[in-house]
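Visitor: One structure, pasted below without further comment.
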Amino acid sequence: MVNVGVLGATGMVGQRFIQMLDKHPEFELTTLAASSRSAGKPYGEVANWYLDCEMPESVRDMEVVETDPSAVGDVDILFSALPADVARKVEPKFAEKYIVASNASAMRMEPDVPLVIPEVNPEFLDLIEVQQRRRGWDGFIVTNPNCSTIALTLTLKPIYDAYTIKRVYVSTMQAVSGAGYNGVPSMAILDNLVPFIGGEEEKIETETLHLLGELDEGVVKPASFGVSASCHRVPVVDGHTEAVFIELDDEFDIDDVREAMDKFRGLPQKLGLHSAPEKPVVVRDEENRPQPRMDRDMDGGMAVTVGRLREDAAFKNSLRYVLVGHNTVRGAAGASILNAELINEIL
């Protein structure tokens with residue numbers, strides 16, 4: 001078993017890490033780190049458990065340690081659910097010795113830090129060697145993208161491989177859990193929609209092109225098509241919905257696009273990794289699907305569901321669809337865990 005820990009263990013994504021790591025066949029959760037306010041106390045005493053499942057008994061009495069490299073003990077991999085401002089300061093310190101699989105945004109766009117979706121760009125893990133050489137670390141940092149970016153890019157990948165994408169427009173309807181438990185006051189979101197999420201549109205527009213780019217002699221060359229995003233917070237607990245419009249340079253048959261999505265598999269599926277969904281993208285034909293309440297938990301929340309796939313008659317060589325992905329599973333903790341499973345398998 002590989003000993004692992006969670007940084008930022010008391011927050012919503014930290015709790016999702018704990019839930020997904022409980023009874024994991026390869027990883028044993030031995031360390032929970034949080035702020036100095038929580039350090040030295042049992043996890044069950046300091047964590048206000050938010051998830052709609054019971055807190056695992058294995059962590060209830062586990063003593064929380066400070067978020068400091070000297071405090072985490074004998075671990076091999078650390079999963080980071082830290083806020084971006086904290087992550088930027090402390091993740092490099094941990095990476096001097098440990099493997100850090102980070103969900104935080106702080107280091108994502110560093111030129112020597114792999115930003116990875118295992119089904120999309122596993123070859124970017126080659127940057128680990130570059131990172132260690134440049135920074136003199138024994139460990140390293142690997143990051144996963146923004147939650148909305150992950151769902152979008154998983155659906156774009158089979159299309160990108162088969163056609164030439166000219167531009168992508170995406171409008172997101174994002175669950176409140178993406179902002180954390182205290183992120184959106186109930187009076188601000190009930191009977192309402194908030195048409196702005198700070199920094200979200202920029203993340204989608206840059207990360208998507210980065211992920212679909214090429215690694216050339218240690219340098220990522222982003223994909224060259226345009227991405228335009230508009231992001232909205234909606235009164236849904238879990239599960240981001242995205243309306244996607246794609247313009248291609250090529251003529252296409254919509255049935256071929258559907259087949260490409262349905263048959264899409266990546267390295268995690270070939271390797272049979274524990275957290276890998278059987279199908280990264282599940283295509284549904286019902287007119288009223290996908291819906292977050294009905295589809296966010298597809299394959300344990302690790303698959304993205306696509307529906308309303310159709311040609312767009314208003315524009316040449318264009319298509320549209322709607323997707324739903326679980327933002328704290330596939331879009332956060334599950335993404336980091338799948339990255340770690342891949343690293344554990346191939347490195």
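We count from 1, first residue shown onward.
Note that Cβ sites are derived from N, Cα and C of the backbone, with glycine treated the same way.
Among the features that Swiss-Prot reports, active site, acyl-thioester intermediate is placed at Cys147, with the record citing sequence analysis. Residues annotated as active site, proton acceptor in Swiss-Prot, with sequence analysis given as evidence: His240. Under the heading NADP(+) binding site, Swiss-Prot lists Thr10, Gly11, Met12, Val13, Arg37, Ser38, Ser177, Gly178, Asn327, Thr328, citing sequence analysis as support. Look at Swiss-Prot and you will find Arg108, Lys203 tagged as phosphate binding site. Marked as substrate binding site by Swiss-Prot on the basis of sequence analysis: Gln174, Glu200, Arg233. Among the features that Swiss-Prot reports, compositional bias 'Basic and acidic residues' is placed at 281-299. For 276-299, the entry in Swiss-Prot reads region 'Disordered'.
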Visitor: Can you tell me how far the Cα of Ser177 (NADP(+) binding site) sits from the Cα of His240 (active site, proton acceptor), in Å?
Guide: 10
Visitor: Using the alpha carbons only, what distance in Å do you get between Arg108 (phosphate binding site) and Cys147 (active site, acyl-thioester intermediate) once rounded?
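Guide: It is 13 Å, counting Cα to Cα.
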Visitor: Taking the recorded substrate site as Gln174, Glu200, Arg233, identify the other residues of that chain whose CB atom sits within 8 Å of the mean position of the site's CB atoms, giving them in sequence order.
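Guide: Once Gln174, Glu200, Arg233 are set aside, the remaining close residues are Ser148, Thr172, Met173, Gly178, Ala179, Val194, Ile197, Cys231, His232, Val234, His240.
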Visitor: How many other Cβ atoms are found within 10 Å of the Cβ atom of Glu200 (substrate binding site), counting all protein chains shown?
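Guide: The answer is 21.
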Visitor: Can you tell which of Thr10, Asn327 has the most other C-beta atoms within 10 Å, given these are the binding-site residues?
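Guide: Highest number of other Cβ atoms within 10 Å: Asn327.
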Visitor: Per DSSP, what is the residue count of the compositional bias 'Basic and acidic residues' (281-299) in each of helix, strand and coil?
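Guide: Per DSSP, the residues of the compositional bias 'Basic and acidic residues' (281-299) fall into 6 helix, 3 strand, 10 coil.
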Visitor: Let me know the largest Cα to Cα distance in Å among the substrate-binding residues Gln174, Glu200, Arg233, as an integer.
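Guide: Between the most distant Cα atoms of the substrate site, 11 Å.
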Visitor: Quick one: which of these binding-site residues, Arg37, Glu200, Lys203, have their CA within 10 A of His240 (active site, proton acceptor)?
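Guide: Neighbours among binding-site residues: none.
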Visitor: Could you tell me the C-alpha distance between Glu200 (substrate binding site) and Cys147 (active site, acyl-thioester intermediate) in angstrom, no decimals?
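Guide: Glu200 (substrate binding site) to Cys147 (active site, acyl-thioester intermediate), Cα-Cα distance: 10 Å.
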Visitor: Taking the Cβ of Ser177 (NADP(+) binding site) as the centre, how many other Cβ atoms fall within a 10 Å radius?
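Guide: There are 25 of them.
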Visitor: Could you check which of these recorded positions, Cys147, Gln174, Lys203, Arg233, sit within 10 Å of Asn327 (NADP(+) binding site), going Cα to Cα?
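Guide: Checking Cα-Cα distances against Asn327 (NADP(+) binding site), the recorded positions within 10 Å turn out to be Cys147, Gln174.
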Visitor: So for Lys203 (phosphate binding site), how many other CB atoms are inside 10 Å of its CB?
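Guide: Around Lys203 (phosphate binding site), other Cβ atoms within 10 Å: 20.
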Visitor: To the nearest whole angstrom, state the Cα distance for the pair Met12 (NADP(+) binding site) and Cys147 (active site, acyl-thioester intermediate).
Guide: 14
Visitor: Please tell me which one of the recorded positions listed here (Thr10, Arg37, Cys147) sits closest to Arg233 (substrate binding site), measuring Cα to Cα?
Guide: Cys147
Visitor: Who sits close to Cys147 (active site, acyl-thioester intermediate): which same-chain residues at least 6 apart have their Cβ under 8 Å from its Cβ?
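Guide: Looking at Cβ-Cβ distances below 8 Å from Cys147 (active site, acyl-thioester intermediate), excluding near sequence neighbours, one finds Gln174, Gly178, His240, Gly325, Asn327, Thr328, Arg330, Gly331, Ala332.
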